[in-house]
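Noted in TrEMBL for the protein shown:
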- H68, H70, H238, D313: Zn(2+) binding site (BINDING)
- H68, H70, H238, D313: Fe(3+) binding site (BINDING)
- R77, Y140, H173, Q241, S318: 4-imidazolone-5-propanoate binding site (BINDING)
- Y140, N315, G317: N-formimidoyl-L-glutamate binding site (BINDING)
- 25-47: domain 'Aminodeoxyfutalosine deaminase/Imidazolonepropionase-like composite' (DOMAIN)
- 59-378: domain 'Amidohydrolase-related' (DOMAIN)
Amino acid sequence: MQDAAIQVLVGARLATLADPVDGPGAVVIAGERIAWVGPQAALPADYASAPRRDCEGRLVTPAFIDCHTHLVHGGHRAREFEMRLEGASYEEIARAGGGIVSTVAATRTASEDALLAQALPRLDALLAEGVSCVEVKSGYGLDVETELRMLRVARRLERERPVRVVTSFLGAHAIPAEYAGRADAYLDEICLPALHAAHAEGLVDAVDGFCEGIAFSADQMARVFAEAKRLGLPVKLHAEQLSHQGGTALAARCGALSADHVEYATEDDARAMAAAGTVAVLLPGAYYFIRETQAPPVAAFRAHGVKMAVATDANPGSSPLTSLLLAMNMACTLFRLTPEEALAGVTANAARALGLEDTGRIARGLRADLAIWDVETPAELAYRIGFNPLHARIFAGRS
Ligand SMILES: [Zn+2]
């Protein structure tokens, strides 16, 4: 610590998501870490001669964390969007080659370099809004080779940009056409072997799945989670988005990091999540884009003390969203989160949802991942639409 370069932020309005600091605050950054945080008036004398950066009253928050994205994928689904607006049915879109099948086809035929090139502008949009950490899932390959390729691209993002990437293996995302009606065979012949291969290559930080009538049942997901457990990998789940399938209860039983979407979760689910410490990841972009009408049970989550995160769910089919600021606004307008809850949802609770303990808050010893905003209060971050007040982003101590 002594040798690390020291810099001191002063004149900050601090939203630490940890111990509150009233009045002008200061943050001492030593190398990649936060060495001290508190009221500027109490800044230890040792740091008096260190280089200072005056925040001039700006709001300083932990850098944002997008804890649920499908950032790496081939192609887009703008034509499908158009067809739906023209009144086409789900079947008509599927017959025209639309739906997830089209993203799977576009992803399977794209090279690693092509997938990387397509993902980078989406990543850049997130970084421009103060994001320091992004979760990226596989799940559009649905064959061994492409699932691994997606995860390799996710890892490469970290080498291309100053960002931390956390990967999720999502082989249990959908049943590919060649396995139609044979979900269990798909799991045994493709999904689980792909998980083993990806894990052996060091590509998997967690295991995810889609528990839904149109995807995998809770029993099928339990098989995937058992395999994850054998490999020592944490789990998470897309659960109760379109109907109640028991995915949230399964997630809680397995000690999952998070249950995501959770629109149809019940009071009992909330109780089980709270007991298991499973974070509810709210994805208002998907709710908005596919015009869902059932909002997640936020009051039950609050009542039982379930931590709530907010993420973009950036994906080509149901949430082509690459703005966490807009996701915060939607979480407030559509799900009635308070701006403080929305901020916690993209910082401290998003870190929790990824099992990360060294980021997402401004506290001594944590990574110096910070965002400096041209606003004075967290409410200003959540209430504007389509406006980016980021002044500066600090990633592991570096601007
Ligand atoms: Zn998703």
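Just so you know, glycine gets a Cβ as well, placed from its N, Cα and C.
Within the same chain, residues at least 6 positions away in sequence whose Cβ sits under 8 Å from that of H70 (Zn(2+) binding site) are V136, K137, G139, Y140, L170, D313, A314, N315, P316. Residue pair Q241 (4-imidazolone-5-propanoate binding site) / G317 (N-formimidoyl-L-glutamate binding site) shows a Cα separation of 14 Å. When the binding-site residues Q241, N315, S318 are scored by other C-beta atoms within 10 Å, Q241 scores highest. The Fe(3+) site is set by H68, H70, H238, D313; from the centre of their CB atoms, other residues of the chain with a CB within 8 Å are T69, K137, D260, H261, V281, L283, A286, A311, A314, N315, S319. Taking H238 (Zn(2+) binding site) as the reference point, the binding-site residues whose C-alpha atoms are within 10 Å of its C-alpha, out of R77, H173, S318, are H173. With respect to ligand 1, the binding-site residues R77, Y140, D313, S318 contribute D313 as residues with a C-beta closer than 6 angstroms to one of its atoms, given in sequence order. Cβ-based neighbour count (10 Å, all protein chains) for R77 (4-imidazolone-5-propanoate binding site) stands at 22. Of all the binding-site residues listed here (H68, H173), the one with the fewest other CB atoms within 10 A of its own CB is H173.
A simple way to gauge crowding: the CB of G317 (N-formimidoyl-L-glutamate binding site) has 21 other CB atoms within 10 angstroms, across all the protein chains here. Taking every pair among R77, Y140, H173, Q241, S318, the residues recorded as binding 4-imidazolone-5-propanoate, the greatest CA to CA distance is 20 Å.
Taking the Cα atom of each, R77 (4-imidazolone-5-propanoate binding site) and H68 (Zn(2+) binding site) are about 19 angstrom apart. According to DSSP, the secondary structure content of the domain 'Aminodeoxyfutalosine deaminase/Imidazolonepropionase-like composite' (25-47) in residues is 6 helix, 13 strand, 4 coil. Within 8 A of the CB centroid of the N-formimidoyl-L-glutamate site residues Y140, N315, G317, the other residues of that chain are H70, H73, R77, I100, T103, G139, P316, S318.
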